[in-house]
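Novice: Sharing a structure below in structure tokens format, with a few things to ask.
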Amino acid sequence: MEMYFKRMKDEWTGLVEQADPLIRAKAAEIAVAHAHYLSIEFYRIVRIDPHAEEFLSNEQVERQLKSAMERWIINVLSAQVDDVERLIQIQHTVAEVHARIGIPVEIVEMGFRVLKKILYPVIFSSDYSAAEKLQVYHFSINSIDIAMEVMTRAFTFSDSSASKEDENYRIFSLLENAEEEKERQIASILSWEIDIIYKILLDSDLGSSLPLSQADFGLWFNHKGRHYFSGIAEVGHISRLIQDFDGIFNQTMRNTRNLNNRSLRVKFLLQIRNTVSQIITLLRELFEEVSRHEVGMDVLTKLLNRRFLPTIFKREIAHANRTGTPLSVLIIDVDKFKEINDTWGHNTGDEILRKVSQAFYDNVHSSDYVFRYGGDEFIIVLTEASENETLRTAERIRSRVEKTKLKAANGEDIALSLSIGAAMFNGHPDYERLIQIADEALYIAKRRGRNRVELWKASL
């Protein structure tokens, strides 16, 4: 890639050097005068494509992209020789964002085609001479084409790397502590089954019972299991079993009086038992040949490390956008960790990180993700948790750690606490923005005295 970018730098520099300075000045004049119109028209046309619309539907994104597009047009069409290296880096950065969000390369290519199409009438409606218009158009189109080629090549490289990480994560997820995960999910679906059966047998209210897809097992399967075992036939079988039973469950819940009829009650109980039994059999088959593998895991805490953060965020953001379900993030700092580490030593610091990590696992659902983000900082991705549920989870974790007892080597008690920043997904497709606003909330928590939870709000 380095050699390629050097070659493109030489080509772009040559284009600028060989162009008549007057023509370059007129191209820059067109860009400055019409960038706002071109940006608005560009997004109006691009958003007609339903595939592109899903990436541009967020108001904040659209507002930011329009201003960014204006700057991009002015930068590319006003390029001087000294600007070329910086412009190539800009194309690379934009490509990385596109790959991170998951924008397909064909949409990027369509965007460049639209831009060249709407630029033509702008240039040819100017009061330049016919020869000048033609030269300005050729210089502008060649500049855009070079920028497009650099961006597309960088995008392909970034997207390929992301795809490899997606597959690496899938393999890691399959292998990571599989036996324990299998037993945990079997216990989860059995717990759901027992809860419903007891309520039916004791004539209790079923109103608080959840359909299988919304129970802990169903959430795990939809957010993790389907991805772990993608491409395996049993996944489709489990999906259909969950979907079919949810239909039966919802129909029963609409008229629970039918359960007073013994034959209907027995039929419903048998449907529950058969569904759970089949799912457990299929789960055992899926996990059968899986063994432990720790690549991608933080050795000290046994949490995920940040390697798979992009893969997971990209998938969960796509799921949240597709289903309309909530998504949230917690960024967590161990308060005064450096001071504790310096005072009591690294062994004590390591023990604190292990205890804190256990508190995370004990207070999240199996469909959630917990990462060691670096040092004493952690990220938790909460799937399908409302704002209230997000805050309750954060507060449970904070309270649990605050009550944790830890003694130093000399027997002295060490006080532990966490500062937590929370943020709700607001439709912005770039996960780094979600992390950024959660980090801003974390900063507020620290500024307000530590050992507290703060939720990011636009007014913060």
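Using the three backbone atoms N, Cα and C, a Cβ is placed for every residue, glycine included.
Sequence annotations record features per position, and here Swiss-Prot assigns site 'Important for oxygen binding and stability of the Fe(II)-O(2) complex' to Gln60. As annotated by Swiss-Prot, heme binding site applies to His98. Residues annotated as domain 'GGDEF' in Swiss-Prot: 325-458. Under the heading Mg(2+) binding site, Swiss-Prot lists Asp333, Asp376. According to Swiss-Prot, the site 'Transition state stabilizer' annotation covers Lys338. Per Swiss-Prot, the feature substrate binding site maps to Asn341, Asp350. Annotated active site, proton acceptor per Swiss-Prot: Asp376, in sequence order, evidence recorded as sequence analysis.
Explain the structural surroundings of these features, please.
Specialist: The Cβ neighbour count for His98 (heme binding site), using a 10 Å radius and every protein chain shown, is 24.
In sequence order, Asp333, Val334, Phe337, Lys338, Leu353 are the residues of the chain that are 6 or more apart from Asp376 (Mg(2+) binding site) and have a CB within less than 8 Å of its CB.
According to its DSSP assignment, Asp350 (substrate binding site) is helical. Note: Asp350 (substrate binding site) has non-local neighbours Leu300, i.e. same-chain residues 6+ apart with C-beta under 8 A of its own C-beta.
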Novice: Give me the long-range Cβ neighbours of Asn341 (substrate binding site): same chain, 6+ apart, Cβ under 8 Å, in sequence order.
Specialist: Thr348, Gly349
Novice: Over all shown protein chains, what is the count of other CB atoms within 10 A of the CB belonging to Asp333 (Mg(2+) binding site)?
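Specialist: For Asp333 (Mg(2+) binding site), the 10 Å Cβ neighbour count is 22.
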Novice: Across the whole of the domain 'GGDEF' (325-458), what does the mean pLDDT come to? Round it, please.
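Specialist: Looking only at the domain 'GGDEF' (325-458), pLDDT averages out to 92.
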Novice: For Asp333 (Mg(2+) binding site), what is the secondary structure state per DSSP, taken as helix, strand or coil?
Specialist: strand
